[in-house]
Amino acid sequence: MAYRKRGARREANLNNNDRMQEKNDEKQDSNKIQLSDKVLSKKEEIVTDSHEEVKITDEVKKSTKEESKQLLEVLKTKEEHQKEIQYEILQKTIPTFEPKETILKKLEDIKPELAKKQTKLFRIFEPKQLPIYRANGERELRNRWCWKLKKDTLPDGDYDVREYFLNLYDQVLTEMPDYLLLKDMAVENKNSRDAGKVVDSETASICDAIFQDEETEGAVRRFIAEMRQRVQADRNVVNYPSILHPIDYAFNEYFLQHQLVEPLNNDIIFNYIPERIRNDVNYILNMDRNLPSTARYIRPNLLQDRLNLHDNFESLWDTITTSNYILARSIVPDLKELVSTEAQIQKMSQDLQLEALTIQSETQFLTGINSQAANDCFKTLIAAMLSQRTMSLDFVTTNYMSLISGMWLLTVIPNDMFIRESLVACQLAIVNTIIYPAFGMQRMHYRNGDPQTPFQIAEQQIQNFQVANWLHFVNNNQFRQAVIDGVLNQVLNDNIRSGHVINQLMEALMQLSRQQFPTMPVDYKRSIQRGILLLSNRLGQLVDLTRLLAYNYETLMACITMNMQHVQTLTTEKLQLTSVTSLCMLIGNATVIPSPQTLFHYYNVNVNFHSNYNERINDAVAIITAANRLNLYQKKMKAIVEDFLKRLYIFDVSRVPDDQMYRLRDRLRLLPVEIRRLDIFNLILMNMDQIERASDKIAQGVIIAYRDMHLERDEMYGYVNIARNLDGFQQINLEELMRSGDYAQITNMLLNNQPVALVGALPFITDSSVISLIAKLDATVFAQIVKLRKVDTLKPILYKINSDSNDFYLVANYDWVPTSTTKVYKQVPQQFDFRNSMHMLTSNLTFTVYSDLLAFVSADTVEPINAVAFDNMRIMNEL
């Protein structure tokens, strides 16, 4: 504010002075009203006088500016200091946890594989009618049936064909059913005399087409009329007739023989419930004993730690633990009947005698205390331990109550659960604020990177037995690893589970409050003592809280199916010590335990994720092995790993670092292939030629000659340049030729007038116009290819001259015999033989597959007040 120069307007009249006085009074009143607002507001305002005729010298201006600068600096320093000190005072509400609904939904939407119902048989082939041509190229009236590919997408090029077979294998793995019930897919045979059924709609349509074909023998027609199912009710078995290519039959017969369904009975359901929940006296379980004999289930695949994602997969492990944390947060029960926040704060104020005090540090004890924060803290602690998520502590050193609450936290939660830096900071604050001042010891100067924590150093220096004993317990507070039901569990110390450790903590706190704090002022000592008093007044409730925390953690832990590996996570869950204070101060005497429905839901979600995880590992391992055995040297393994992660649903694959992707690939390579997947691959591998020859898209090679060769008659095409075998020709593998780039051998053979056969998958191109074929000299095409050494552009021309060609009669009339310097090598497709294609498939007549085994269990709990912990004493004893 600018200063007025004294005596500047003494000659002004009295009336004017009176008016000025009134204005000043009004200004002061308004200033008083706005003062509180201005102090609390964060806006920086420049306060100036009203515009009056006041003369100010340059010197006064300079001095005013300097004073203003100094004042601003003081205010800024004070403001920053206040921000630091009053952080928790100003923060009246603590941010609550917002569950990521998308991740939770992704986890809960993972269902067992049996949700995929098989409605038809697996088929690669289908029979098709092909024309027959006479010796002169004319088409006959009769047709022949041959097996062709249902979905003919075979590419050209040996490598691409092998890649096609890998994709086919992937498709089979995707469609491979866990169980087959033929009765569900059977359809009526239209040509049956007694309304019999065949196995599926495609078999029925094939039978219909063959029955209507004029070429079909009478015996075959009579057989089709007799085709029907054969039921053996006493054995719960039914046989259905089917028409399948031998390879398709091999696939479907394998699926039928290797179904994953197993008989379901009450013992299986009983053993499916986690043992600790079965044996927990707080849960009353009843089972429906009316299971039919046809009940079936699919045993979940719960193999452990095949990839060890906790080891060197930081990003993946962080995502898994985050998902588990979000799931656990959603099922931890809410605290009930907490102490009224207002009543508790009022009582604490009375204990602190705040009316008679103006010590700011003690008013901080009450900040941030609310029931929402208490509930939030309870859920965070249990969920973090269940998911093994690392926590970080948020606190202000000047709030002694937070630090005293932190002492309870460090007593009951193992050190491993906190990130090292946060644990050290909290322990150092407790040591330098409470423990060392109590005994008059100098501040601990902690060196960053010291292998020992502040509590470990303090344990060696403190002479007081009770305090040193408590420090020793905290320093050695680690999870105990135990394998229960085949799952690695992180178990709490028995002293924590029973709540006895709280007495140890209270003894240490009482010893600290009795100390003299010789180097500190009286107010400081009194503040610490009153903070300890507030906590010690709730000894019974703290014991109960510790028992309640341990019971809920262990009960929910029984529903975890994957090993609880403990590794520090990349990201942490923040925990504010004011929320710990809220929990300690507001916990009531109402027991909360998870409801049976919540437990079963948590267990089912864990089982489904774990089972899906193992099945996707099996798929990825099978695909990687298949790619290696098919010699797919260009195949990017990273793509297989990415696909594997996508099928687990919870990962953002694009954000996973490459080094972890390749490490994952290496781990997947070391795993053995699951037996069913291996057998299926061997079926494909043994029948690659059969599948390839059924394609109309590709030929198996080409014969190149220097001189023209006559076109030959073929029943399937007429006059064509097709060779049905390679006898008498020297063979060269086309893929190896293209990879080596050495074409000298071909050139020399052609110049010596020796035809050469290039063996490999080539496009099977047809052009029916003879005129256009004559215009294309394939000899010059191939000469150019050999000359330029671009065999990968090889596209042999198929001459096909028959009565379907536009120029058939032109050729016939002039008695012209066409020739070609190339012959396309094409294997003969397999002919359809009804007798060899008719197979009987056998399955159970009927059974019911149950996906949710726990639906048979009706469960209830005892009254929460009567709930007991592992020591057969009530969880909450304080009433």
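Any Cβ shown, glycine's included, is placed from N, Cα and C.
As annotated by Swiss-Prot, region 'Disordered' applies to 1-35.
The region '5-fold hub' annotation in Swiss-Prot covers 1-79.
Taken from Swiss-Prot, the feature compositional bias 'Basic and acidic residues' covers 19-30.
What Swiss-Prot records for A219 (among others) is site 'Interaction with the intermediate capsid protein VP6'. Taken residue by residue with DSSP, A219 (site 'Interaction with the intermediate capsid protein VP6') is part of a helix.
The site 'Interaction with the intermediate capsid protein VP6' annotation in Swiss-Prot covers F223 (among others) and is backed by sequence analysis. Its Cβ taken as reference, F223 (site 'Interaction with the intermediate capsid protein VP6') is surrounded by 15 other Cβ atoms within 10 Å in the chains shown.
Look at M227 (site 'Interaction with the intermediate capsid protein VP6'): DSSP puts it in coil. Note on M227 (site 'Interaction with the intermediate capsid protein VP6'): other Cβ atoms within 10 Å of its Cβ, all shown chains, come to 22. What Swiss-Prot lists as site 'Interaction with the intermediate capsid protein VP6' is M227 (among others).
Swiss-Prot lists 393-413 (among others) with the feature region 'Hydrophobic', giving sequence analysis as the kind of evidence. The list of residues near the region 'Hydrophobic' (393-413) in space but at least 6 beyond its ends in sequence, with Cβ under 8 angstroms from a Cβ of it, reads 84-85, 87-88, 361, 364-365, 367, 381, 385, 422-423, 425-427, 429-430, 433-434, 455, 470, 473-474, 477, 496, 501-502, 504-505, 508-509, 527-528, 531-532, 534-535, 542, 546, 549-550, 574-578, 580-581, 583-584.
Each residue of the region 'Hydrophobic' (421-441) gets a DSSP state, and the totals for helix, strand and coil are 18 helix, 0 strand, 3 coil. The region 'Hydrophobic' annotation in Swiss-Prot covers 421-441 (among others), and the record cites sequence analysis as its basis.
The annotation site 'Interaction with the intermediate capsid protein VP6' is assigned in Swiss-Prot to M838 (among others) on the grounds of sequence analysis. Classification of M838 (site 'Interaction with the intermediate capsid protein VP6') by DSSP places it within a strand. Here M838 (site 'Interaction with the intermediate capsid protein VP6') comes close to F223, P241, S242, I243: these same-chain residues lie at least six apart in sequence, with C-beta atoms under 8 angstroms from its C-beta.
As annotated by Swiss-Prot, site 'Interaction with the intermediate capsid protein VP6' applies to M840 (among others).
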Across all chains shown, how many C-beta atoms besides its own are within 10 angstroms of the C-beta of A219 (site 'Interaction with the intermediate capsid protein VP6')?
10
Give me the DSSP three-state residue breakdown of the region 'Hydrophobic' (393-413), ordered helix, strand, coil.
13 helix, 2 strand, 6 coil
When you measure from the Cβ of M840 (site 'Interaction with the intermediate capsid protein VP6'), which residues in the chain that are at least 6 apart have a Cβ under 8 Å away?
R230, N239, Y240, P241, S242
If you average per-residue pLDDT over the region 'Hydrophobic' (393-413), what number do you get?
92
